[in-house]
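Colleague: Here Swiss-Prot flags 1-21 as signal peptide, drawing on sequence analysis. Per Swiss-Prot, N-linked glycosylation site is recorded for 224, 295, 363, 429, 607. For 252, the entry in Swiss-Prot reads active site, with the evidence type similarity to another entry.
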């Protein structure tokens with residue numbers, strides 16, 4: 001282990017600059033249609049059907065036809081690395097990637113994940129994630145996605161897809177749609193109005209489709225009473241017609257409930273082709289689909305459309321040109337015959353480092369300045385004594401938390417614990433390190449009592465509902481720290497006047513007890529940082545870089561402040577909050593958060609000046625023809641807004657300039673302000689830079705339910721530019 005600060009190498013930057021293969025959808029469809037003519041009916045239904053659970057080396061495998069040169073597709077999780085394979089890179093989770101607010105890093109992370117997937121022979125990587133979006137702060141899988149804000153989620157989805165598909169792997173946007181909790185996820189109906197669907201939950205999928213995503217995964221839940229994977233309004237009307245999606249829709253694993261209904265409403269591929277039992281059951285397609293065509297229940301044209309979409313996506317990514325063979329077996333330990341990790345540890349470390357959010361820093365306690373002694377307290381500071389991969393699918397919270405749990409995980413090739421990195425630094429500067437690596441409050445206080453500085457590590461975990469951890473069935477039962485974290489901090493802070501708290505968490509944690517301790521002088525949110533956890537944290541704690549992460553969600557003073565929680569006892573969720581989730585809810589109801597959306601401190605200071613608004617837009621609905629991503633004129637530029645950001649401190653740092661827009665009164669009720677632009681500016685001390693935000697018609701439109709179109713309203717739009725959703729430094733307006 002070393003403590004150099006990595007930089008993205010030229011190769012990584014080159015990967016990040018990629019968009020995707022040069023083939024167009026039209027050219028891909030031409031090739032797919034030529035192949036279609038050569039396939040038998042048996043081969044067609046094989047292309048659209050999984051081989052059944054554990055029927056091949058990957059978590060999903062399709063049948064390979066003999067009539068054309070087309071393989072058995074390998075489909076494999078996941079959103080932070082390749083599941084059931086080793087060695088691979090265990091990247092920071094999506095929620096950390098979102099917290100970087102850095103387009104280049106989002107794309108570089110996606111490119112590196114895609115490169116590893118292709119190297120292992122994975123054709124379809126089951127990522128990225130826009131659902132769960134995060135309307136429920138305790139929801140189990142929020143960490144797989146990027147943020148609770150639809151605009152930021154959409155940008156993160158697009159950048160990640162460009163990175164992944166630029167490396168040659170098919171991306172899969174998931175979970176489509178309204179899969180916002182783990183409790184009862186396979187029976188719950190998410191009942192939502194049309195405007196909320198479009199402006200909140202569908203918004204990031206617009207960006208995914210616009211980025212030419214190859215595939216979309218429909219979710220387990222029902223939507224307005226009908227299963228997502230046989231919901232014509234969701235699969236056909238919205239996705240394929242309104243958004244102009246030209247790829248294919250696959251089911252989540254065992255989320256299909258019918259043969260005919262799923263086929264006729266827009267499902268294109270069933271995964272894994274059966275349920276999880278042995279011998280396999282619930283085989284809805286393959287021969288059963290052929291029979292449904294033969295008896296007239298499913299039109300032949302629908303099956304041909306399924307096959308064409310799947311083949312076209314394969315051609316779009318040019319996977320017909322020397323694609324690697326599958327190099328691992330999920331069911332046999334996952335040991336790969338090739339090492340695909342390259343220099344990706346540098347990217348993982350950079351994302352983890354630049355996602356760290358400094359929440360509190362009284363008296364400039366951080367960065368550390370070679371203290372004579374440090375107490376490191378808490379089980380979250382060390383690697384699980386049984387190893388970082390001891391629990392299947394990371395289904396435990398033992399040792400430092402660097403992944404959530406469930407199918408969206410990967411095997412750690414190694415895990416650098418915070419204590420390891422701190423000890424490495426301390427050995428070079430003469431700092432004595434004392435430890436208490438349990439969560440026992442008395443032992444923690446004993447270790448901290450005589451130290452110059454105490455660093456307490458606490459965590460809060462969550463994951464997928466098929467695993468229950470410490471009584472949490474995927475979703476968290478509350479927003480408290482686990483393992484008595486509040487009591488641990490109280491005990492340490494009672495005896496040490498310089499107590500620093502580091503939080504590893506899958507989502508918001510209520511920090512009121514911790515912040516009430518006068519001796520808690522700094523709080524660091526480190527999220528779900530992946531394999532380079534300790535190194536990234538040390539880079540920030542010791543001042544090698546200034547923290548530049550910003551919260552991808554709001555941290556409230558209580559769980560009740562959010563106005564949403566997961567629905568219990570098998571009931572449906574009627575989404576009564578509508579458009580008003582996370583900061584939109586806090587703003588509407590004038591609730592003071594503890595730390596607002598977009599918040600994050602630095603070791604330097606930034607000023608904002610010179611707001612310039614150059615917008616020229618006309619009111620009214622979209623009128624363009626539907627293209628990939630929706631109505632073509634939806635993405636027309638209406639001008640720019642810019643501001644100057646100056647680093648007025650003495651050290652280098654990076655500021656995220658954020659643009660929020662408030663709609664005129666002529667529009668239906670909307671959130672007081674909505675994120676509509678951001679730019680991360682790295683600036684040396686004394687330097688300045690210009691943040692420029694280009695707005696499209698979509699950015700200043702609302703969804704008109706009556707017209708079924710996006711509409712730009714007349715009137716005065718409010719412009720807010722600042723360092724967070726509530727730290728507004730400049731404001732102005734423009735009129736349409």
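Cβ atoms are placed via backbone N, Cα and C, with glycine included.
Let's see these features in context: how buried, what's close, how far.
Modeller: Spatially close to residue 224 (N-linked glycosylation site) yet at least six residues away along the chain are 189, 190, 191, 192, 231, 233, judged by Cβ distances under 8 angstroms.
In the shown protein chains, 22 other C-beta atoms lie within 10 A of the C-beta of residue 252 (active site).
According to DSSP, residue 295 (N-linked glycosylation site) sits in a coil region rather than a helix or strand. Neighbour density for residue 295 (N-linked glycosylation site): within 10 A of its CB lie 9 other CB atoms from the protein chains shown.
Long-range Cβ proximity for residue 363 (N-linked glycosylation site), meaning a same-chain Cβ under 8 A and a gap of 6 or more residues, is found for 521. According to DSSP, residue 363 (N-linked glycosylation site) sits within a helical segment.
With a 10 A radius on its CB, residue 429 (N-linked glycosylation site) counts 12 other CB atoms from all the protein chains. In this structure, residue 429 (N-linked glycosylation site) is part of a helix by DSSP.
Under 8 Å, Cβ to Cβ, and six or more positions away along its own chain, residue 607 (N-linked glycosylation site) finds 645, 646, 648, 729.
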Colleague: Would you mind reading off the Cα separation of residue 295 (N-linked glycosylation site) from residue 252 (active site), to the nearest angstrom?
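Modeller: Counting only the Cα atoms, the answer is 27 Å.
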Colleague: Using Cα coordinates, what distance in whole Å links residue 429 (N-linked glycosylation site) and residue 252 (active site)?
Modeller: 51
